[in-house]
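*Asks:* Got these off TrEMBL a minute ago, pasting:
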{"type": "TRANSMEM", "residues": "B:20-47", "note": "transmembrane segment"}
{"type": "TRANSMEM", "residues": "B:67-88", "note": "transmembrane segment"}
{"type": "TRANSMEM", "residues": "B:94-119", "note": "transmembrane segment"}
{"type": "TRANSMEM", "residues": "B:131-153", "note": "transmembrane segment"}
{"type": "TRANSMEM", "residues": "B:187-207", "note": "transmembrane segment"}
{"type": "TRANSMEM", "residues": "B:219-238", "note": "transmembrane segment"}
{"type": "TRANSMEM", "residues": "B:258-278", "note": "transmembrane segment"}
{"type": "TRANSMEM", "residues": "B:285-303", "note": "transmembrane segment"}
{"type": "TRANSMEM", "residues": "B:328-353", "note": "transmembrane segment"}
Amino acid sequence: MNYPVWDVPFLGSGWVVGIMAIIHIFLSHFAVGGGLFLPVMEAHARKHGDEAMLRWLRKHARFFLIVTGVAGAGTGVGIWVVIALANPQGVGHLIHGFVLGWATEWIVFIAEMACITVYYYGWDRLTPERHLKVGWLYAICSWLTLAVINGIITFMLTPGKGWAESHWMWDGFFNPTYAPSLIMRTLVMWALAGVYAFWTAATIEDLDLKERVLQVSARWVLPAYVLLPLLGGWYFLNIPPVSREVLQVGMAGAAAGNFSMATRVTMLTVMSTATIGVIVYFGPFRNARAFTRGMAGAVAVVALLATGASEWAREVARKPYVIRNVMYSNGVRVEQVEAFQREGYLPNSVWAREYAGLKGDTALARGEALYRGQCVACHTWDGYRSMQKFMAPRNLDSARNMVRMLRSRDPRENIYAKFMPPLAATEAEGEQLAAYLYQRAHPGPAAVARK
Amino acid sequence: MIPLPIPPADPLPLPLPPVILKALHLLTFALHLLAVNLGVGGTVLSFAHAARGREGDRDLVRRVAPLLPPAVTFAVTLGVAPLLFIQLSYGPFFYSATVLSAFPWLALVFLLIAGYGLLYRFVGSVASDRFRLWSGALASLLLLSIALVLANMTTLSMRPDLWRGLAASSPHGTRLNLADPSLWPRVLHLVTGITASAGMLLAGWGAWKDHAGAREAGLRWFIGATLCQAAWGTWLLLRQPEAAFRMLLSGHAFGSLALWFGIGCAALALLMAIPASLRGAARKAVGPPFLLAQGAVVGMILARDQARDATLAAVGFDPYALPFKTDWTSLAVFATSLVLLIVLLTTLVRWVLAPVQAGAEARHD
């Protein structure tokens with residue numbers, strides 16, 4: 001822990017990132033999908049001289065501009081803010097490895113913003129041909145933002161073979177999940193474009209127009225509907241076997257009788273997709289005239305659920321790493337573990353020493369510093385993945401055994417190795433950690449007296 | 001003495017020489033600031049004129065307000081780049097400061113989204129008879145309060161000696177770093193600077209579109225804010241960390257020259273703006289102070305950067321000493337996309353500025 005650690009009570013920093021990310025993805029995927037939606041619909045309307053549809057499209061473009069420009073871009077900055085708070089080492093490493101990738105993403109992002117601004121505000125100023133061209137340019141730019149960022153996101157799960165040695169951006173960029181992920185996300189984006197169009201189309205008063213718009217929009221959902229299962233399989237085959245296993249059996253040893261992680265996520269995704277399918281077919285497609293905002297909202301909520309479930313699965317698959325085989329979720333780099341276990345974590349970690357020092361540098365204070373440095377990235381004390389809950393049933397010996405086991409990097413000895421990083425600390429530090437965890441979970445009279 | 005808790009930099013080399021990264025950092029920051037001056041400063045000015053509500057004011061607001069949302073979009077977009085560069089070159093300081101003051105830093109996102117959303121509401125209302133003044137007021141307030149968040153991060157990142165105390169008093173990162181004496185003058189300096197620049201941009205717009213009311217109002221804003229700035233600016237200077245203060249007053253360091261250049265430009269701009277505003281703000285009287293005001297901003301950006309480096313040098317950090325290994329392929333990709341961007345932007349601007357189609361103006365809503 002070279003950096004201070006952001007300790008978010010109850011929720012944990014991981015969930016702060018998760019919430020921000022899911023909202024952002026929901027909005028930004030709309031931006032990309034809608035990017036194509038706008039010019040395609042405009043071309044369609046212009047070809048058929050459909051003035052009514054053009055007027056609606058203009059309103060939709062305004063909605064689009066506000067949703068993506070305000071909330072989409074705002075949460076985009078939000079992602080930057082929260083990931084750097086939750087994992088400064090990880091973000092610092094990614095930025096160092098991919099600066100020029102981010103910089104290129106930024107260029108494309110500016111182009112995207114310029115296009116949508118001109119597209120909306122230039123509705124009357126530009127000739128129809130030029131206006132449509134700007135729409136196509138927007139579609140291209142917004143898709144490119146995905147194509148660039150996708151290299152970095154997929155790198156974190158599947159860094160590919162060469163990067164660890166070369167540290168050359170392109171060795172990491174085009175990694176095994178790049179292509180399946182790109183195609184999958186593109187389809188999801190088109191689907192979301194349709195879903196958002198339902199929202200603005202639901203209140204169209206001219207019923208003929210409403211029907212035209214809704215039926216066309218429903219078609220945008222279709223490709224994702226048909227192809228996603230196939231692509232999902234392709235993606236799944238390309239993630240590391242360990243992640244596959246974790247997804248399949250679930251984390252805490254697949255408690256007998258419970259649904260496994262993968263089953264749950266798959267069920268959630270399948271159910272939500274099926275629901276979307278049914279609503280879309282019987283709503284916008286068959287009964288467009290009777291379609292309401294409420295139904296549109298329902299589709300959007302279900303789509304958000306599906307987005308959330310699949311992003312969450314990706315996160316689970318990446319545990320215990322931020323960058324697979326390079327850096328663990330708690331900021332310890334894989335290559336550092338050995339030295340830390342030999343020389344100690346505190347001597348090697350500026351802020352672990354600092355936190356211990358703030359509490360008098362006692363054995364317990366050092367244990368707490370270790371907890372903060374290596375565990376808080378994934379656990380909270382009494383909320384999400386509560387350490388209190390895990391520790392309450394254990395006595396001191398059992399706490400010690402657990403921590404001892406965590407030091408091992410051999411999955412046969414350490415049953416947690418698949419989802420928790422090895423404890424990068426000396427044996428003595430491990431004892432301090434165990435003592436701290438035990439004492440805090442069992443605040444007996446001794447602990448009260450200490451206060 | 002216990003050493004200051006400054007984390008080591010990331011072990012990966014930078015992909016470009018630090019000097020180049022610094023240049024890009026400052027360039028993108030300058031562009032970001034320009035958009036902020038336009039978008040945020042413009043929001044404040046528009047709200048103020050809308051609130052005064054005379055016929056001339058309302059006309060001005062109607063014409064200027066539609067420019068604001070896109071300006072804020074660009075302020076956000078352009079701001080991402082300096083945020084990236086600062087993490088790259090000053091990671092140990094940036095990350096420590098943001099984590100130690102995490103919740104205020106996170107508030108930035110919500111202030112931005114709420115302020116920007118309300119701005120749309122305000123702007124959407126100016127075409128009608130009833131301006132949504134509350135939305136305008138809140139939008140101005142929320143967007144301006146981002147200055148506090150940023151000033152908090154900037155000052156905290158330069159003061160590793162204060163980190164320990166903040167970590168002890170605020171273990172979850174809920175507090176602002178009020179212990180820094182330069183925080184409030186910095187916020188005032190920022191807010192006033194944004195207002196002054198927005199005034200000058202308004203005057204410039206008035207010269208371009210030949211709108212006398214805009215020229216006059218803009219110059220007045222610039223004059224008023226810049227006069228205040230003389231007070232806050234001095235205050236801020238006096239509250240600089242020791243090393244920065246000495247450097248800024250040295251009279252020969254680059255940062256010192258930049259500061260005096262900036263002050264000189266601002267003073268000269270003021271001297272020209274005052275008579276111009278009194279004599280009906282003629283169109284050609286706006287150009288020279290306009291350019292000088294931009295010069296002042298550039299000077300301040302450079303002085304600010306040098307003050308930071310001087311402060312960090314005092315704790316043993318040198319951004320130019322970071323290891324690098326130039327990555328030519330990525331650089332080529334980046335450069336190509338930059339060229340394409342410039343082509344795209346010029347094309348778009350050309351299209352936007354092309355004469356409007358006959359009859360199209362009437363359809364404006």
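Each residue, glycine too, has its Cβ placed from N, Cα and C.
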*Asks:* Which of B:20-47, B:67-88, B:187-207, B:219-238, B:285-303 shares the most C-beta pairs under 8 angstroms with the transmembrane segment (B:258-278)?
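*Replies:* If we count Cβ pairs closer than 8 Å to the transmembrane segment (B:258-278), B:285-303 scores highest.
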*Asks:* Rank B:67-88, B:187-207, B:219-238, B:285-303 by Cβ pairs under 8 Å to the transmembrane segment (B:20-47) and hand me the top one.
*Replies:* B:67-88
*Asks:* Could you give the residue numbers and ranges of same-chain residues that sit at least 6 residues beyond the transmembrane segment (B:285-303) on either side and whose C-beta is under 8 angstroms from one of its C-beta atoms?
*Replies:* 26, 29-30, 33-34, 37, 193, 196-197, 200, 203-204, 206-207, 215, 218-219, 222, 248, 254-256, 258-266, 268-270, 272-273, 275-276, 279
*Asks:* Against which stretches of its own chain does the transmembrane segment (B:67-88) lie, if we need a Cβ under 8 Å and a gap of at least six residues from its ends?
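*Replies:* Same-chain contacts beyond the ends: 14, 21-22, 24-25, 28-29, 31-32, 35-36, 38-40, 42-43, 46, 94-95, 112, 116, 119-120, 123, 143.
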